[in-house]
Amino acid sequence: MNLCSSGATASTTSLSSTGQAERSGGGGVAGGGGISNGGGGGGGVTGSGGGGGGNTSDGLSEATHCFGGSGGGATASGPEETINAISPANGGGASGAQQPSGSNGQLHNENNAIMPPETRPKMVTVKHPESNKPKPTTKKSKPIQADQDVIKALQRCRDEGIKRLDLSKSSITVIPSTVKDCVQITELYLYSNKIGQLPPEIGCLVNLRNLALNENSLTSLPESLQNCNQLKVLDLRHNKLAEIPPVIYRLRSLTTLYLRFNRITAVADDLRQLVNLTMLSLRENKIRELGSAIGALVNLTTLDVSHNHLEHLPEDIGNCVNLSALDLQHNELLDIPDSIGNLKSLVRLGMRYNRLTSVPATLKNCKCMDEFNVEGNGITQLPDGMLASLSGLTTITLSRNQFTSYPTGGPAQFTNVYSINLEHNRIDKIPYGIFSRAKGLTKLNMKENMLTALPLDIGTWVNMVELNLATNALQKLPDDIMNLQNLEILILSNNMLKKIPNTIGNLRRLRILDLEENRIETLPHEIGLLHELQRLILQTNQITMLPRSIGHLGNLTHLSVSENNLQFLPEEIGSLESLENLYINQNPGLEKLPFELALCQNLKYLNIDKCPLSTIPPEIQAGGPSLVLQWLKMHSPYRQM
């Protein structure tokens, strides 16, 4: 999309498909103006002089598209140009020189005499930084005139009575005043442009219902916009507004207002006038206080004030009884008002990453909530029985707080829950029977707590699919783990486990088993029964050998046994046809690799750093893992297979 003010003759801005703009100076390229920051008069292309010179800048290549100066110049086009500029000694431009004549192709003067070399015109090639190959002027593309195109689009809109006009993503900087003629428009899309301000004539669009101005550079709005008294949706996301423009408060027909990602620091009391709002987004601004006016917006169903600097919410928030989604995450909230309990239609309440130390007991009235998330606060306990009252909850996230025990309320609080996240707290035990009613529980995250043992009824968690117990102080894995036959992901890294029970082999659906950084010395033979296993992580343990049954793990793609005490790898490792990544680095006792490793046809990465492989020549090891694999293949008895 191209822009140009009506009647312009001395300057044209064109936007190419690459997004570069070419603008004219006062004179031609060869005559009146220079391309490379030229000034003065009578200069050539290189910018040693030239009146009204053009200039280049990062991301914006400028060149003339009009004639001027002492002698008109050749025009340039595209991000790379070859400009044949003729610059006689008298300072004349390209148009002042004669073209070559005669069959021999030599240049002649006005008397048809051959011109001596010292007086011949110079051929100058200009290459822009973006190009390695100059482009002849004769192949220049026709400039696109952005301004003219906008004017034409508005004319067509007026003449054909178009009601929906989309000028988005067109690099527009100015909306012409002729927009006033398109009074029939109901939808106007100007998003993703470079508009710094709107013309007052925008107020003539009295039938406008949807106005999308997001992703521009607006710092204000014209007062005339108040005449658009049928406007329902106004999108101002990603602009440069330092305040909510006062005219917005007079657009009382608004139902949806997006102000996300601006520079707004305050919300005026006049907000109370927008009583028809159902959706208000003030996300990602710099707002420190949300006044009582918010309570007047009784029709709100969605309010997003996340990613601001709020420390408190007004009690009046409780008047917004139709709210179904309230997003408060990533603020600096110290408390939540008791009036939050009035929001009985609330389904989603985002309170993540604030400075809360508690939540009000009145939240138990919000029985429509299906998710409870207070991650990243300083909460030590929840009100008694609150979670049990919220019987519709399916997801509970209490991670990164200061909990020392499970919330009070017993098994009833997890009846319909399928996901519980208590990561990064200070909980030292999981109460016996706490999940006895949680028949749908499939995901439990207890990472980074202080667990020393697992409850005796762990065998009843039969529907568990993902269990994360990493970074605790577990010393033993109960035999009853065998009952978790739906388990697909088991993460036990960074604990104090010395062995894995034989019953691990019953977890036939297991895809990921992470035992990194424990004290394990041996693995049970039954590990080979985990036929669905794709990732086995054993690094940083005390393992001296892998069981031969590991060769039965036909779906294994990732095996990490680095930082152990391996003396050898079993020959059966060659049966791992799906293996792609093998880490055996930092095993100080590993002196040789089995030739069978060469049978792993899909192996893409092999790490053997700090392994004293005495049977493989040093120059082969120095060549890297790929060369090692080639050597194994060449010396393998299976090389003909």
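From the backbone N, Cα and C atoms, a Cβ is placed for every residue, glycine too.
Keep in mind that this is a model prediction, so the values were computed, not measured.
What Swiss-Prot says about this protein:
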type     : residues : note
COMPBIAS : 1-19     : compositional bias 'Low complexity'
COMPBIAS : 24-56    : compositional bias 'Gly residues'
COMPBIAS : 96-106   : compositional bias 'Low complexity'
REGION   : 1-146    : region 'Disordered'
REPEAT   : 161-182  : repeat 'LRR 1'
REPEAT   : 184-205  : repeat 'LRR 2'
REPEAT   : 207-228  : repeat 'LRR 3'
REPEAT   : 230-251  : repeat 'LRR 4'
REPEAT   : 276-297  : repeat 'LRR 6'
REPEAT   : 322-343  : repeat 'LRR 8'
REPEAT   : 345-367  : repeat 'LRR 9'
REPEAT   : 368-389  : repeat 'LRR 10'
REPEAT   : 392-413  : repeat 'LRR 11'
REPEAT   : 463-484  : repeat 'LRR 14'
REPEAT   : 509-530  : repeat 'LRR 16'
REPEAT   : 602-623  : repeat 'LRR 20'
Q | Surrounding residues of the repeat 'LRR 20' (602-623) on its own chain - C-beta under 8 Å, 6+ positions past either end | A | 557, 562, 577-593, 629, 631
Q: Tell me, roughly as an integer, the mean pLDDT over the repeat 'LRR 10' (368-389).
A: 97
Q) List, by number or range, the same-chain residues at least 6 past the repeat 'LRR 3' (207-228) whose CB is under 8 A from its CB atoms? A) 163, 168, 183-201, 234-242, 245-248, 250-251, 258
**Q.** Residues from the same chain, set at least six apart from the ends of the repeat 'LRR 2' (184-205), whose C-beta lies under 8 A from its own
**A.** 157, 161-178, 211-228, 235
**Q.** DSSP-assigned states of the repeat 'LRR 8' (322-343) in counts, ordered helix, strand, coil
**A.** 5 helix, 3 strand, 14 coil
